[in-house]
Amino acid sequence: MKKLERVHPNRQVLAFILVVFLSRVRPEPIRYSVLEETESGSFVAHLTKDLGLGTGELAARSARVVSDDDKQRLQLDSQTGDLLLREKLDREELCGRIEPCVLHFQVFLEMPVQFFQGELMIQDINDHSPVFPAREVLLKILENSQPGTLFPLLIAEDLDVGSNGLQKYTISPNSHFHILTRNHSEGKKYPDLVQDKPLDREEQPEFSLTLVALDGGSPPRSGTVMVRILIIDVNDNAPEFVHTPYRVQVLENSPLDSPILRVSARDADAGNFGSVSYDLFQASDEIKQTFSINEVTGDILLKKKLDFEKIKSYHVEIEATDGGGLSGKGTVVIEVVDVNDNPPELIISSLTSSIPENAPEMVVCIFRIRDRDSGDNGKMICSIPDDLPFILKPTLKNFYTLVTEIPLDRETRDEYNITITVTDLGTPRLKTQQSITVLVSDVNDNAPAFTQTSYTLFVRENNSPALHIGSVSATDRDSGTNAQVTYSLLPPQDTNLPLASLVSINADNGHLFALRSLDYEALQAFEFRVGATDCRPGTFVSALASHAHDACPNGAVLVLDANDTRPFVLYPLHNDAPRPAPTWCPGGAEPGLLVTKVCGGGRRLGQNAWLSFSCSRPRSPAVRRGAHNGEVRTARLLSERDAPSTGWCGAGQGQWRASALGHRHAARAAWTASPSLPARPERGPPEAQADSVALASRVVRSSCFRRSSVARLSVPEALFQGIWWTLSGHRDLSQSSQVPRCVWRRLLDMSSKFLKTHTPNLRNSL
């Protein structure tokens with residue numbers, strides 16, 4: 001098809017629209033032409049070439065063709081770039097008598113959004129013949145009519161325009177009349193019958209002529225009508241309208257049967273020749289359906305609803321006829337006044353219902369608006385709520401693009417309901433609203449976070465393997481697969497710690513399990529770290545939870561001690577000797593003299609390491625034993641009657657008491673006047689050893705004490721390897737009696753705390 005010359009449109013566009021969309025909107029339309037009735041699928045133009053685009057760019061950018069009306073009469077082959085006809089185009093149906101007949105369309109592309117204007121001119125072909133509204137016309141002429149008199153005849157209608165439209169009229173040859181073709185101001189051609197010579201009714205009372213209407217096509221088409229002319233007796237005066245043409249304005253929302261106008265005609269004749277009746281003259285079907293005239297009064301009434309958007313004015317020809325058959329012609333021009341009776345329309349061309357979060361400016365919707373009213377009634381304002389992160393961008397010819405103003409955050413809001421409101425400026429104002437829902441799709445932009453900054457887990461030693469010792473928990477603000485958290489143990493900071501053999505974690509729920517039985521004496525605490533990772537492939541984000549005893553004071557795994565080892569007597573050493581080593585005290589010793597000190601120990605810590613001492617036999621009245629420190633002191637002045645005593649001493653510890661015994665023998669010194677002591681007094685006889693003392697230990701966990709059987713215990717030397725020190729100040733202890741410094745420090749620290757709280761209870765129990 002022939003491509004017409006491009007012409008710059010004469011229109012005004014707002015300055016800010018030009019700045020924003022100059023790069024996206026083609027400033028001038030592309031114009032094409034096509035003959036009407038061309039077969040559907042026919043080629044119109046090659047848009048790829050005409051728009052200056054690359055091969056395949058139309059398909060890649062989702063090109064669409066949109067017409068101004070709701071019907072899609074064009075189609076675009078995005079692969080080849082060809083613009084084709086979707087259906088046959090009838091110029092008369094589309095444009096009527098309007099010339100030229102132009103079909104406006106737009107081509108818009110996405111990524112980025114770009115618009116092109118287009119105009120398709122539909123050229124007329126000679127596919128219609130002139131048609132008269134009736135098959136026969138009856139014309140009455142007075143016999144005294146003078147030569148040169150004009151008699152209007154019926155006009156023919158030809159739907160074609162231009163040279164294919166109606167061009168002239170002819171009449172069958174005769175000696176009394178010929179046809180004169182007149183051009184009306186509206187472009188129509190009217191036939192007038194011109195009388196050539198005087199008439200004589202008595203000679204020829206009737207004429208039958210054929211009126212032919214010809215168009216300008218090649219070959220020309222024609223239409224005919226039979227004209228019957230009756231010659232009547234003289235009626236000297238024809239009716240004449242008082243005003244012609246009549247002009248009136250009518251609101252388009254006027255009710256049915258409302259009066260439009262009253263016309264009036266006068267006839268100078270008297271009697272029957274002077275009476276006038278009114279009728280519509282050569283009215284089209286549209287005028288007959290819309291208006292009626294009272295033949296007596298001349299009132300023109302409304303029969304059909306007016307629509308300014310379809311027809312803006314009517315030219316109504318009227319006729320006044322007297323009793324003698326004479327008639328006069330008149331014209332009524334009825335202008336339809338626009339009323340704001342059409343709400344704005346919103347047509348969505350493209351809609352994206354789901355957009356990803358964090359994305360920059362995204363096109364959500366492309367739509368256009370229109371109002372079929374005119375003037376201020378057809379002017380429109382488009383808006384959306386101000387509290388939404390979206391903006392409207394106007395484009396070409398009432399097209400708008402709804403885009404995101406800022407990147408969206410799904411974790412803040414995952415769905416938006418946007419109401420687009422289009423309001424006209426008429427009175428009253430009419431508006432149209434269209435609601436769209438936009439879903440924000442998730443992007444993996446949040447790392448898992450633990451619900452606690454630290455975790456402290458406790459497990460008692462000697463636990464069973466696979467024991468559930470605690471749980472960690474992490475959450476992810478994302479959704480779906482982006483929020484699925486997987487837990488794992490991270491390599492320990494201490495490379496010597498066999499973490500993999502100590503604990504394991506359930507990757508799905510964060511439950512921690514002890515893999516083996518823990519021994520408090522071997523491992524009291526250990527550090528581990530847990531990693532939480534979300535599950536979206538290729539976008540791993542991790543968080544750590546650290547647990548330590550010293551290095552990380554906010555979290556630790558502590559092994560709780562169980563009272564599972566017996567205490568042992570450090571001093572005096574007996575090693576299952578048959579007789580105890582004697583401890584000497586001077587004769588006449590003052591009350592409260594320290595005779596000896598029983599020392600105990602064990603591998604426990606805390607409350608399980610607290611020791612208490614008690615006698616396994618009745619107390620000797622000469623000595624006093626310390627229940628908490630193991631000291632043996634004189635209870636009164638010793639006399640010669642006091643015999644040496646021997647017994648078993650013991651130490652106990654723990655909530656459930658464990659005990660150990662040691663053999664101890666005490667002998668008194670001879671009473672002498674000298675205050676000095678012998679280096680090593682002789683041991684007393686065996687029979688003097690009847691009064692013996694044994695000290696057994698108990699550890700207090702609560703106010704309730706339990707007793708257990710006393711068992712003999714020999715202390716292995718391997719327990720005391722390390723730093724040793726001598727208990728100085730105790731003259732009754734041999735130089736070889738040494739105690740581990742670490743044991744003493746631990747025992748003394750815990751015993752001091754224990755005694756402050758439980759001393760009254762211990763005294764009562766003993």
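Residue 1 is the first one shown; counting continues down the chain.
Heads up, the Cβ atoms here are built off N, Cα and C, so glycines get one too.
Feature list (source: TrEMBL):
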type   : residues : note
SIGNAL : 1-27     : signal peptide
DOMAIN : 26-132   : domain 'Cadherin'
DOMAIN : 133-241  : domain 'Cadherin'
DOMAIN : 242-346  : domain 'Cadherin'
DOMAIN : 347-450  : domain 'Cadherin'
DOMAIN : 451-569  : domain 'Cadherin'
Counting each residue once, how many in the domain 'Cadherin' (347-450) are helix, strand and coil under DSSP?
4 helix, 54 strand, 46 coil
What is the average pLDDT across the domain 'Cadherin' (347-450)?
91
Would you list the DSSP helix, strand and coil counts for the residues of the domain 'Cadherin' (242-346)?
10 helix, 47 strand, 48 coil
DSSP on the domain 'Cadherin' (26-132): how many residues come out helix, how many strand, how many coil?
13 helix, 41 strand, 53 coil
DSSP says what for the domain 'Cadherin' (133-241): how many helix, strand, coil residues?
3 helix, 54 strand, 52 coil
